[in-house]
Ligand code: HDD
Ligand code: HEM
Ligand code: HEM
């Protein structure tokens with residue numbers, strides 16, 4: 001494997017991890033808004049998860065940017081130039097959301113404002129984030145006088161963009177409902193569990209349909225990608241099979257006690273499903289970062305930097321793993337936290 | 001306005017906003033650690049209350065530090081894509097390590113805030129030590145990038161811009177890294193301590209019970225001791241930074257001092273402003289020989305003046321004022337902290353008298369003044385590097401984005417910063433109004 005391929009593999013892994021955690025994070029914000037007053041405490045549960053975790057999720061977002069600059073500086077140049085407006089908007093909403101999340105924890109009076117802000121930005125931010133994908137397929141960047149810029153009119157009139165957004169939102173809500181179903185089960189709240197399970201049952205097929213429509217509506221410039229995706233179909237078939245199994249597990253009996261569904265199994269399965277599909281998508285995208293001018297080979301960093309970064313990842317992971325473990329124990333497992341009133 | 005100037009103002013504003021919260025994010029955890037440790041050793045519950053209340057303030061400030069940091073971090077790529085292309089190849093290491101520091105701080109901060117009641121006491125102290133460590137590490141690491149911009153090292157560049165022979169660790173430990181990193185960490189501690197002192201001094205002036213006054217006096221004393229020692233260290237490390245300037249960025253030192261002619265036995269110009277017409281410092285006080293001595297350790301050290309360098313590469317003249325303000329306020333604060341501590345030793349502690357009101361009022365201003373120092377210092381460091389973004393490698397014009405729609409975005413973010421700034425103050429006020437110290441102290445005595 002060449003260094004460039006290793007670098008993009010790590011990059012895709014980070015993107016994948018962030019898209020899972022980000023989906024759960026932003027989705028929880030949305031559900032917390034929807035079920036703010038719900039009798040089942042479903043909103044409270046979403047919020048209980050969100051309070052200690054959003055900071056950590058935010059660091060993942062920063063990690064994405066930093067890793068990209070470190071691995072593919074030329075890519076940072078191009079995307080930094082053309083994405084000025086959309087990314088600035090993301091930053092703007094993100095800042096408001098984070099600030100209100102913390103403020104509302106301190107002063108009760110801001111609770112309502114916070115639920116609404118965090119709920120709405122929980123839909124807006126991911127929609128803007130996913131716009132990177134259609135842009136990277138080519139056709140939306142224009143070059144004149146050595147200056148690259150985004151063709152906003154073309155982008156916004158392209159059905160491809162909206163299909164991606166639809167797919168992204170459906171996935172976000174699907175993943176977060178599954179996660180919250182599991183979280184509710186661990187918290188021993190059967191009522192909230194049922195609610196999130198129903199959402200997941202509804203949203204699962206929707207994500208599949210959205211994915212297929214997205215593929216159908218790909219812009220003509222993205223023909224190269226469609227062809228490549230077709231070559232990677234094995235990953236998508238596997239992904240589909242895993243989806244069927246995990247979706248089905250929402251009806252499996254719970255085990256010793258009465259109750260329906262295995263949310264933990266379903267969640268892990270769906271993560272695997274997205275992992276397989278992302279791998280296929282990533283392979284199909286190679287070697288382009290932005291089609292047709294920017295490949296991973298041109299954008300690659302200095303070799304020496306690459307190797308020192310790799311060493312640091314090893315060291316960093318070794319240091320952080322115990323920290324993550326303690327964190328998980330305290331907020332995702334400890335009954336004293338999960339079952340408080 | 002042309003794009004480069006807009007980009008500079010935009011970015012400077014974002015950083016100027018972030019640094020307020022970031023500095024307190026480094027300074028407050030140290031104070032919390034000290035309070036937790038004092039509680040453990042002295043068994044005085046007041047320190048436990050202090051730690052709790054400072055943590056509350058810290059958590060609110062972090063709610064702005066993190067998003068504003070995310071903004072500047074991403075804005076680097078948006079506004080300075082040309083710069084980041086070189087950064088990615090040469091100096092991405094500190095950015096990368098900084099992520100780990102962020103993770104450490106974010107993980108342990110959540111644990112400290114949301115799980116404190118479920119943790120044994122010694123583990124709580126370890127947790128907050130990790131938070132403090134993560135915060136200061138992120139400050140030091142980001143400083144590594146900034147010092148590399150001032151004294152670039154660890155790579156070679158061909159005339160066509162191709163970069164080769166990259167040595168990431170040499171870039172990291174560039175010549176000005178150690179002195180600046182120490183100066184940045186220490187001034188952050190100093191500012192955190194003065195911020196606490198400001199609040200404590202303000203509270204001491206209110207009508208209150210003896211218990212409450214004792215609580216605030218303890219807080220004031222503790223913060224002043226930290227502030228005093230950090231002020232002292234900040235002047236030492238600042239002096240060291242100036243010597244590094246003398247060696248590696250002589251234009252910057254010359255502009256800071258308004259020195260045009262290269263001389264030995266150079267005088268130190270304090271105050272005044274650099275007049276662009278006559279090319280000299282007007283209305284300043286000159287102390288003979290001092291600059292040579294400060295820069296090189298001997299009076300006959302030769303200090304380069306601006307005439308040595310082509311005019312296009314002169315930094316702006318206003319950096320003289322910024323530098324003077326930083327050093328001036330820093331020295332003043334050192335004197336204030338020292339004087340109040342002496343007063344406490346001889347009059348408050350021994351004779352039981354109170355701090356006079358004017359003294360407390362002076363202290364109320366110490367926190368904001370210290371924060372101003374930080375702002376002046378950074379704007380000095382960043383503007384004093386002009387016209388370079390990477391000293392003698394890349395100009396600011398080459399680094400900047402070519403996009404033309406910065407104006408509306410700048411306005412939007414300005415609005416965001418103002419809103420968040422005001423909200424932060426309101427939230428802190430509302431919270432501490434609803435949860436006054438007296439309430440915490442009462443809970444204590446009812447045990
Ligand atoms: C409370 C804040 C504070 C105080 C009291 C001082 N400084 Fe400072 N100074 C900073 C806060 C700061 C800073 C904001 O942290 C800077 C900006 C860039 C940096 O590395 O640190 C800085 C930079 C900085 C630099 C420029 C480094 C560079 O551009 O490479 C010099 C030469 C000094 N300082 C010197 C001093 C001296 C001689 C002081 C004597 C009292 C002093 N500073 C007090
Ligand atoms: C010397 C000045 C600076 C200091 C002392 C400082 C310090 C801090 C601190 C203490 C935090 C909160 C950390 C956390 O809890 O995660 C923070 C956040 C952040 N800072 Fe700064 N910072 C400085 C300048 C910068 C600059 C120039 C950048 C951009 C390159 C930057 C990027 C960030 C980012 C991305 C975050 C958010 C991290 C997160 O998501 O948790 N900082 N900074
Ligand atoms: C946090 C405190 C900081 C403040 C208040 C600050 C302030 C400023 C200001 C005012 C400018 C515009 C300079 C001018 O146009 O005259 C600037 C430029 C810049 N600063 Fe800093 N800065 C800070 C820290 C940093 C750090 C830690 C880095 C390193 C990553 C950095 C990187 C830059 C870059 C890349 C530019 C743009 C290019 C240039 O003008 O040289 N700054 N900063």
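Including glycine, each Cβ sits where the backbone N, Cα and C put it.
TrEMBL labels come from automatic prediction, so no person has curated them.
Quick look at what TrEMBL lists:
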type	residues	note
TRANSMEM	B:15-38	transmembrane segment
TRANSMEM	B:58-83	transmembrane segment
TRANSMEM	B:95-115	transmembrane segment
TRANSMEM	B:122-145	transmembrane segment
TRANSMEM	B:177-200	transmembrane segment
TRANSMEM	B:220-242	transmembrane segment
TRANSMEM	B:322-346	transmembrane segment
TRANSMEM	B:358-380	transmembrane segment
TRANSMEM	B:409-432	transmembrane segment
- Note on the structure: For the transmembrane segment (B:358-380), the distant same-chain contacts (Cβ-Cβ under 8 Å, at least six residues beyond its ends) come to 12, 15-16, 19-20, 23, 187-188, 190-191, 194-202, 204-205, 220, 224, 227, 256, 319, 322-323, 325-326, 329-330, 332-333, 336-337, 340, 343
- Message: Quick check for me: are there 3+ Cβ pairs below 8 Å between the transmembrane segment (B:220-242) and the transmembrane segment (B:409-432), leaving out pairs under 6 residues apart?
- Response: no
- Message: So if I exclude everything within five residues of the ends of the transmembrane segment (B:15-38), which remaining residues of that chain have a CB under 8 angstroms from its CBs? That is, six or more out.
- Response: 44, 47-48, 50-51, 54-55, 57-58, 61-62, 64-65, 68-69, 71-72, 124-125, 128-129, 131-132, 135-136, 139, 185, 187-193, 195-196, 222-223, 226, 371, 374-375, 378-379, 382, 417, 421
- Task: Six or more residues out from either end of the transmembrane segment (B:177-200), which same-chain residues have a Cβ under 8 Å from its Cβ atoms?
- Result: 22-24, 26-28, 30-31, 54, 136, 139-140, 143-144, 146-148, 150, 216-217, 219-220, 222-224, 226-227, 230-231, 233-234, 237-238, 240-241, 243-244, 333, 337, 363-371, 373-374, 377, 381
- Query: Mind checking which residues reach the transmembrane segment (B:322-346)? Cβ under 8 Å, same chain, six or more beyond either end.
  - Reply: 190, 194, 197, 221, 224-225, 227-228, 231-232, 234-235, 238, 256-257, 270-271, 355, 359, 362-363, 366, 369-370, 372-373, 376-377, 379-380, 383-384
